[in-house]
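Heads up, the thing below is written out as structure tokens.
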């Protein structure tokens, strides 16, 4: 019902190529997250799929049918915008019913579907309010409600959580994941937050400057990043990357070790340095360690109760099986 | 820091402008009120006795008064109707991306810079004149008899001239309002399956509601006191066919030199304008709150 295929899709704004020819297949029922730094073209890609931008060349197929030249409304997709884009002069009920009204459904059917969507999203008590009288999270739910009543082939989310505060964001993240479990509809979700990508996705598409850097499940990307960019982007805090003699010892140009794969040892160890910052999160402690001969401080994850503090000397040993090796082009070596 | 001392100083500092403003308003108003109760005609010098409500009864029972009220209403409502509808239309068009937007926008706004007397003269002599006017020429090329606008349809002609002057104002306000509409709302409506017309009707027009009320309010205030256009084109005629309240007051006091009746008319105009203002503020206040 909701598979989407992109074939050599390209987007140019004037002379600048925002998205070089790109192939991508999204299976029915998948939760796909487009992730990348700002300006990487992830929102543009979403808007191309939605039909809000025209592709410069290439083809988009939805449900196996060509959709490249279809207007947005005919593609059977629903979108949740970053600003929610609720209609401020309409009540919540009218907002949710708007796509149904545009589709020409009768009032009774509209009401039935709105009530059902409101029940799913806990909005029943707010149906007669205006968007201006709702909190950020409630507005978000109204925007989702407006998209689910149409029973679309796929949902498109454009950074839907970036306007919410941290606590609400975690809550809405769960709600969207639950919604996906329940509806089993294809969802495409754009974010710059790799935590959202890791926690929600079945499949992550990492983008940089319009290029697809890697496609895979969250754990695949975590375990086997295809290149230095993905290695640095997925995982928090970032992977430690080292060049020079440390890399040469492993026959490569760059090695990468995640902070959680650095062991703290009593003596010896591959690296020895001084703690310049320690961040205590309670469950974990992150140390930023200055190591002589290295440009950037190394990040290390340690137990929350560890006794080390700012200024202490620390000995570190990477876990041998968790060292990622990259060649001079930044590509992963097996 | 609003201490007792600084507040006193502030009052002292703004006193001159407040006093000037008060004199500016209060003295003419008081004099008008005073004159309106006197028999005061410049053609009959001598005593100016106090006559009570006589001037008011003359003014209100004058057949020209009723015509003037009706004409004022037609003028205000007609111009509002044309400028609001036209302004919405032009705002929608000018909001579209096109080549030469900057120049077109300046051209659309330029009528507002032409002073009323000049634009009325241009319309009267260069467009509506039955002998030399452009409209007469156009009618002639189609073999039709030229239409004498200012004689045969004086009030409609004035409505047209004034609408031409105020259309840019409405367009400007509505265009800026249109541009403040969040483009994501339109995109959302597009995804929801709304046609171009539905997007206009359900999204753009409600968004403009506030700006439309502002246009109606401001224009009403100015349109109630239209004078120059009438003086320059028809002199209120033929007969009283294009006389509005402002022009009637002018005719009483400066054509018939009856200062007393003119003043009474002025007071009536003030009262009527305030009644309109109160209704408008009520109506619009509600709209602005929402």
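One-based numbering along the chain as shown.
Cβ coordinates come from backbone N, Cα and C, glycine included.
Automatic prediction, not curation, is the source of TrEMBL annotations.
The domain 'ABC transmembrane type-1' annotation in TrEMBL covers B:69-280.
Here TrEMBL flags B:12-37 (among others) as transmembrane segment. Only residues 6 or more beyond the boundaries of the transmembrane segment (B:12-37), in the same chain, are considered here, and those with a CB under 8 A from a CB of the stretch are 50-53, 55-56, 259-260, 262-264, 266-267, 270.
Only residues 6 or more beyond the boundaries of the transmembrane segment (B:68-94), in the same chain, are considered here, and those with a CB under 8 A from a CB of the stretch are 101, 104-105, 108, 155-156, 158-159, 162-163, 166-167, 169-171, 173-175, 177-178, 200, 204-205, 208, 212, 215-216, 219-220, 223-224, 226, 240-248, 272. Positions annotated as transmembrane segment by TrEMBL: B:68-94 (among others).
Residues or ranges marked as transmembrane segment in TrEMBL: B:106-123 (among others).
Annotated transmembrane segment per TrEMBL: B:153-175 (among others), in sequence order. Counting residues 6+ beyond its ends, the transmembrane segment (B:153-175) has Cβ neighbours under 8 Å at 71, 74-75, 78-79, 82-84, 86-88, 90-91, 94-95, 105, 108-112, 114, 116, 119-120, 123, 128, 147, 208, 211-212, 214-215, 218-219, 222-223, 226, 229-230, 233-234, 237-238, 241-242 in the same chain.
When Cβ-Cβ distances below 8 Å are used as the criterion, the transmembrane segment (B:208-228) is approached by residues 72, 75-76, 79-80, 83-84, 87-88, 91, 115-117, 120, 158, 162, 166, 169-170, 173-174, 176-178, 244-247, 250, 273, 276-277, 280-281, 283-284, 287-288 of the same chain, each at least six residues removed from its ends. Here TrEMBL flags B:208-228 (among others) as transmembrane segment.
Tertiary neighbourhood of the transmembrane segment (B:264-284): same-chain residues 29, 32-33, 36, 55-56, 58-60, 65, 69, 213-214, 216-217, 220-221, 224-225, 245-246, 248-249, 252-253, selected by CB-CB distance under 8 Å and a gap of 6+ residues from either end. The transmembrane segment annotation in TrEMBL covers B:264-284 (among others).
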